[in-house]
Amino acid sequence: MTGAGTPSQGKKNTTTHVKCRRCGEKSYHTKKKVCSSCGFGKSAKRRDYEWSSKTGDN
């Protein structure tokens, strides 16, 4: 029976996110080919949500 303890943490040594070509953040997923910050690879438009800014901010 394998657990999620200390021995399993040693397997987490692969690079998941690299620098994005569009926004420059370290959020581009190398396997999914999508940036979690700006949405590059998924959409031509920038990733933006209503909850990401305060109400009344323009």
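Keep in mind that glycine also has a Cβ here, set from the backbone N, Cα and C atoms.
Annotation source Swiss-Prot lists Zn(2+) binding site at Cys20, Cys23, Cys35, Cys38. Remark: Cys35 (Zn(2+) binding site) has Cys20, Arg22, Cys23, Glu25, Ser27, Tyr28, His29, Gly41, Lys42, Arg47 as non-local neighbours, by Cβ distance under 8 Å and separation of at least 6 in sequence.
What Swiss-Prot records for 20-38 is zinc finger, and it gives sequence analysis as the kind of evidence. Listed by sequence, the residues of this chain that lie at least six past the ends of the zinc finger (20-38) yet keep a Cβ under 8 A from its Cβ atoms are 46-47.
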Which ones in the same chain are close to Cys38 (Zn(2+) binding site), with CB under 8 Å and 6+ residues apart in sequence?
Cys20, Arg22, Cys23, Glu25, Ser27, Arg46, Arg47
Which whole-number mean pLDDT does the model give the zinc finger (20-38)?
97
For each of Cys20, Cys23, count the other CB atoms within 10 A of its CB; which of these binding-site residues has the top count?
Cys20
